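Trainee: A single structure is presented below for examination.
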Amino acid sequence: MKMSIRIPPRLLELAGRSLLRDQALAVSTLEELPTELFPPLFMEAFSRRRCEALKLMVQAWPFRRLPLRPLIKMPCLEAFQAVLDGLDALLTQGVRPRRWKLQVLDLQDVCENFWMVWSEAMAHGCFLNAKRNKKPVQDCPRMRGRQPLTVFVELWLKNRTLDEYLTCLLLWVKQRRDLLHLCCKKLKILGMPFRNIRSILKMVNLDCIQEVEVNCKWILPILTQFTPYLGHLRNLQKLVLSHMDVSRYVSPEQKKEIVTQFTTQFLKLRCLQKLYMNSVSFLEGHLDQLLSCLKTSLKVLTITNCVLLESDLKHLSQCPSISQLKTLDLSGIRLTNYSLVPLQILLEKVAATLEYLDLDDCGIIDSQVNAILPALSRCFELNTFSFCGNPICMATLENLLSHTIILKNLCLELYPAPQESYGADGTLCWSRFAQIRAELMKKVRHLRHPKRILFCTDNCPDHGDRSFYDLEADQYCC
């Protein structure tokens with residue numbers, strides 16, 4: 001019979017747990033508590049909802065940072081409120097505890113090993129290693145040396161109302177705005193009435209926001225309500241706009257005025273590096289207005305599933321802010337009836353820096369491909385190239401592959417199955433497709449040794465609308 005051996009708790013751990021049961025616990029008592037006991041005891045107090053102990057432990061917290069987000073994933077609003085109550089005492093009293101060091105309450109949803117490190121240290125007695133493994137505190141430069149407490153938070157506005165934790169926090173912040181600084185670096189708006197969004201934005205220091213994602217089915221009149229706030233995001237580095245539509249009740253004159261008001265805000269975004277626009281219908285015929293207001297060199301530009309005019313592509317190729325792009329994604333923009341000379345010029349401009357290129361589902365046909373091949377073959381930094389969903393024949397595909405042969409950094413290539421792979425009714429002929437892949441594999445291996453090439457087929461009955469296959473005849477990649 002096997003016997004399990006249970007390691008007895010360390011004396012320090014037992015002493016700490018007895019403190020949590022002490023109804024007369026005081027800050028003065030905690031000031032004598034070894035630093036290494038604070039994190040594991042705080043976790044236990046939080047999980048057991050020892051509210052009075054939490055209030056006092058916050059007041060005697062011996063670290064600059066309290067990363068609370070991993071703990072509030074447990075349903076314990078009462079414990080969260082106790083932490084805020086403890087902070088209240090710190091913010092309002094004139095004399096603070098001797099060992100109090102707390103400067104940052106961190107509620108960001110990031111990978112956090114603070115609690116794990118200290119828990120393992122408690123179990124093994126390796127407190128020296130725990131101290132070495134602590135992450136440096138992330139400050140907010142704007143408020144350094146001013147308010148005694150900075151609260152870091154990520155705002156995900158995805159429902160009609162806020163979750164109970166965020167509601168509790170924002171109410172607490174609203175009542176103490178002069179005593180602390182609310183810093184939000186990431187803002188996601190995924191669905192909420194704008195009147196609620198407005199009240200939240202008024203509480204946040206907009207200078208702190210570095211990333212914004214708006215993924216709502218907004219029409220232009222709603223966009224006008226967000227526009228004034230955009231201009232105040234002076235440290236914004238990443239902007240994602242998705243599903244912006246033009247209301248049928250908006251006249252062309254009104255549309256032009258609204259787009260002008262919106263795009264001129266980009267003149268103030270002097271830190272912007274990444275711009276993502278998906279299904280943004282008002283760009284059609286107005287892309288030049290936005291591009292002319294960019295004041296920084298973008299690293300990432302994705303304009304996907306939008307309708308653009310040929311003149312929009314021309315303006316894009318002439319924009320000085322795109323010359324240092326590392327990522328260019330134009331997937332879902334129909335280019336079938338357009339000249340690809342602007343795209344050729346664009347690729348020539350970014351050839352020295354471009355690492356990722358996505359031209360999926362652009363409707364590019366055989367007669368258009370030659371226009372971009374010379375420029376594409378000079379993108380020596382390119383590591384990913386996707387060309388799926390474009391109806392090209394075997395000869396064009398072979399020509400395309402021969403031009404990417406000199407791109408030594410290319411790690412992943414995705415191409416459409418040639419049109420010869422399909423029958424007259426548009427369904428995939430598996431035997432023919434297998435033969436084509438075998439022929440391509442032989443030719444490609446003769447030219448070079450690619451790291452990975454995948455071929456995409458449409459309308460696959462077994463694996464959904466789109467399936468990917470390696471060069472090997474029997475290898476399927478979902």
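Note: Cβ is positioned from N, Cα and C throughout, glycine not excepted.
I grabbed these lines from Swiss-Prot:
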type   : residues : note
REPEAT : 99-126   : repeat 'LRR 1'
REPEAT : 181-205  : repeat 'LRR 2'
REPEAT : 206-232  : repeat 'LRR 3'
REPEAT : 233-268  : repeat 'LRR 4'
REPEAT : 269-294  : repeat 'LRR 5'
REPEAT : 295-326  : repeat 'LRR 6'
REPEAT : 327-347  : repeat 'LRR 7'
REPEAT : 351-378  : repeat 'LRR 8'
REPEAT : 379-403  : repeat 'LRR 9'
Trainee: In this predicted model, what is the average pLDDT of the repeat 'LRR 5' (269-294)?
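Mentor: Mean pLDDT across the repeat 'LRR 5' (269-294) comes out at 95.
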Trainee: Which stretch, 233-268, 351-378, 379-403, tops the Cβ pairs under 8 Å count with the repeat 'LRR 6' (295-326)?
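Mentor: Stretch with the highest Cβ contact count: 351-378.
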Trainee: Checking distant contacts: for the repeat 'LRR 8' (351-378), what same-chain residues at least six beyond its ends satisfy Cβ-Cβ under 8 A?
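Mentor: Same-chain contacts beyond the ends: 302, 323-336, 339-341, 343-345, 384-393, 395-396, 399-400, 403-404, 406-407, 409, 414.
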